[in-house]
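Chemist: There's a structure below that I have some questions on.
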Amino acid sequence: MGCCKVPALIQAQVEMGLVNDVEHKSLFRRDTDSSQIKAASLMEQGSLSASFRERASKTPNNSVLQSFKIVILSNKLNLLLPFGPLAILLHYLTDNKGWIFLLSLVGITPLAERLGYATEQLACYTGSTVGGLLNATFGNVTELIISIFALKSGMIRVVQLTLLGSILSNMLLVLGCAFFCGGLVFSQKEQVFDKGNAVVNSGLLLMAVMGLLFPAVLHYTHSEVHAGSSELALSRFSSCIMLVAYAAYLFFQLKSQPSSYTPLTEETNQNEETSDDDEDPEISKWEAIIWLSILTAWVSLLSGYLVDAIEGASVSWKIPISFISVILLPIVGNAAEHAGAIMFAMKDKLDLSLGVAIGSSIQISMFAVPFCVVIGWMMGAQMDLNFQLFETATLFITVIVVAFFLQEGTSNYFKGLMLILCYLIVAASFFVHEDPHQDDI
């Protein structure tokens with residue numbers, strides 16, 4: 001009996017030792033597996049930056065003729081480019097301001113689109129966050145150039161109305177078309193975007209409305225301490241504050257929380273196979289910079305003739321200058337944003353669509369408008385933030401409507417249709433609106 005118990009006891013101890021050994025090995029394997037998983041995750045994160053480096057390293061080596069074919073001859077919209085030189089020719093041959101304005105407007109349209117293309121090519125070498133900032137900046141360069149030329153000519157109301165129209169166009173027409181087209185493509189589901197970023201952007205737009213509202217209220221309540229000068233002083237002070245706020249917004253966007261504005265890892269992994277071909281640059285970095293310089297110079301040249309013909313076009317067409325400035329000019333200037341926002345929405349990338357449409361509105365309201373006030377201050381022009389009561393009320397209601405549409409963080413084609421219809425109401429309002437300062441333009 002004792003001899004039988006001893007081997008059984010020994011066998012039990014051996015089995016216990018084997019179990020402990022197996023448990024020890026399994027724990028060791030878990031540690032190694034977890035370390036391998038961590039290493040794999042680090043490799044995936046590194047591969048994201050490496051994939052960006054690979055895309056950036058794929059620098060095309062194009063000749064001058066190849067670059068010209070890619071930038072100029074590859075887009076059918078560039079068939080409108082000859083209208084620009086034709087407008088310049090008519091300026092010296094005839095006095096028909098209506099035709100000069102129309103041809104200049106049509107000639108600027110493909111230039112605005114090509115500016116967006118060259119900016120996208122340059123963004124391939126900078127990364128998503130800086131690329132988005134470049135897209136917003138050069139997407140608004142047409143409006144800025146037109147505004148500076150109008151400011152030089154003393155046409156302050158044209159500057160105010162053009163910038164206001166660009167904000168309204170981006171928030172209602174561009175964003176509405178993006179929601180509508182994206183909703184039609186993905187009609188079986190609601191598209192989702194980052195609600196937190198949308199709330200921050202809505203707050204910035206409301207701050208811009210505040211900057212425009214107080215000078216107008218001060219003017220219409222006749223409560224200025226120094227009549228005529230207090231309104232201008234408040235506008236210049238508010239413009240400096242808005243520029244500081246926009247600089248802080250850029251720092252927040254680029255440095256403090258860059259992860260909120262960069263694509264998620266999961267989305268990148270899902271789309272990297274399908275998007276690699278689209279994101280590969282077609283021209284080199286220096287080609288993009290050179291083309292941006294050429295296109296900006298050509299837009300500047302045509303903008304001078306365009307601004308010079310606005311008054312004559314208003315008289316010959318019997319259309320208010322406010323309608324031309326608020327509706328026609330921004331539609332041309334926002335051609336690049338319009339196409340880009342719709343394209344991103346149809347690919348279910350609504351955060352990028354919002355970055356284009358709302359980001360452009362923020363840049364115009366928080367940078368371009370106060371920048372023009374400061375530039376006018378340097379030129380000796382009395383450019384202020386009093387956009388008049390009708391225009392300020394239109395902007396205020398537009399920002400409120402868009403903020404309500406963005407608060408849920410979802411979109412569909414019905415929301416897009418509502419925004420488009422709101423823009424049609426705004427366009428009709430400015431068509432029948434007579435600017436009280438029209439005689440001063």
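Using N, Cα and C of the backbone, Cβ positions are placed for all residues, glycine too.
Keep in mind that what you see is a predicted model, and the values were worked out from it rather than measured.
Below, the features straight out of TrEMBL:
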- 77-93: transmembrane segment (TRANSMEM)
- 99-117: transmembrane segment (TRANSMEM)
- 99-254: domain 'Sodium/calcium exchanger membrane region' (DOMAIN)
- 129-151: transmembrane segment (TRANSMEM)
- 163-186: transmembrane segment (TRANSMEM)
- 198-221: transmembrane segment (TRANSMEM)
- 233-252: transmembrane segment (TRANSMEM)
- 288-307: transmembrane segment (TRANSMEM)
- 289-430: domain 'Sodium/calcium exchanger membrane region' (DOMAIN)
- 319-345: transmembrane segment (TRANSMEM)
- 352-379: transmembrane segment (TRANSMEM)
- 385-406: transmembrane segment (TRANSMEM)
- 413-432: transmembrane segment (TRANSMEM)
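Could you tell me the structural context for the features on the list?
Modeler: When Cβ-Cβ distances below 8 Å are used as the criterion, the transmembrane segment (77-93) is approached by residues 99-100, 103-104, 106-111, 113-114, 298, 301-302, 305-306, 308-309 of the same chain, each at least six residues removed from its ends.
Sequence-remote contacts of a segment are chain residues at least 6 beyond its ends whose Cβ falls under 8 Å from one of its Cβ atoms, and for the transmembrane segment (99-117) they are 71-72, 75, 77-87, 90-91, 135, 138-139, 141-142, 291-292, 295-296, 298-299, 302-303, 305-306, 308-310, 312-313, 324, 328-329, 332-337, 339-340.
Long-range Cβ contacts of the transmembrane segment (198-221) within its own chain (Cβ-Cβ under 8 Å, at least 6 residues beyond either end) map to 171, 230-231, 234-235, 238-239, 241-242, 245, 249, 354, 358-359, 361-362, 365-366, 369-370, 384-389, 392, 395-396, 399, 402-403, 406-407, 409.
Beyond its flanks by at least six residues, the transmembrane segment (233-252) meets 133, 204, 207-208, 211, 214-215, 218, 226, 362-363, 366-367, 369-371, 373-374, 377, 383-386 of its own chain at Cβ-Cβ distances under 8 Å.
If you look at the transmembrane segment (288-307), the same-chain residues 6 or more away from its ends with a CB under 8 A from one of its CBs are 67, 71, 84, 87-88, 91, 100-101, 104-105, 107-108, 111-112, 114-115, 118-119, 121-122, 125, 138, 141-142, 145-146, 149-150, 153, 155, 158, 281.
Listed as Cβ neighbours of the transmembrane segment (352-379) (distance under 8 Å, sequence separation of 6 or more from its ends, same chain) are residues 132, 135-137, 139-140, 143-144, 147-148, 151-152, 156, 159, 163, 166-167, 170-171, 174-175, 178, 182, 193-194, 197-198, 201, 204-205, 207-209, 211-212, 235-236, 238-240, 242-243, 245-246, 249, 261, 334, 337, 340-342, 344-345, 385, 402, 406.
Long-range Cβ contacts of the transmembrane segment (385-406) within its own chain (Cβ-Cβ under 8 Å, at least 6 residues beyond either end) map to 160-161, 164, 167-168, 171-172, 175, 195, 198-199, 201-202, 205-206, 208-209, 211-213, 215-216, 218-220, 231, 234-235, 238-239, 326, 354, 358, 369-370, 373, 415, 418-419, 422, 426, 429, 433, 435-437.
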Chemist: Within the domain 'Sodium/calcium exchanger membrane region' (289-430), count helix residues (DSSP H, G, I), strand residues (E, B) and coil residues, in that order.
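Modeler: Split into helix, strand and coil, the domain 'Sodium/calcium exchanger membrane region' (289-430) gives 119 helix, 2 strand, 21 coil.
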Chemist: Same chain, outside the transmembrane segment (163-186) by at least 6, Cβ under 8 Å from its Cβ: which residues?
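Modeler: Non-local partners: 140, 143, 147, 205, 325-327, 329-331, 333-334, 337-338, 341-342, 344-346, 348, 350, 353-354, 356-358, 360-361, 364-365, 368-369, 372, 387, 391, 394-395, 398-399, 402, 411-420, 422-423, 426.
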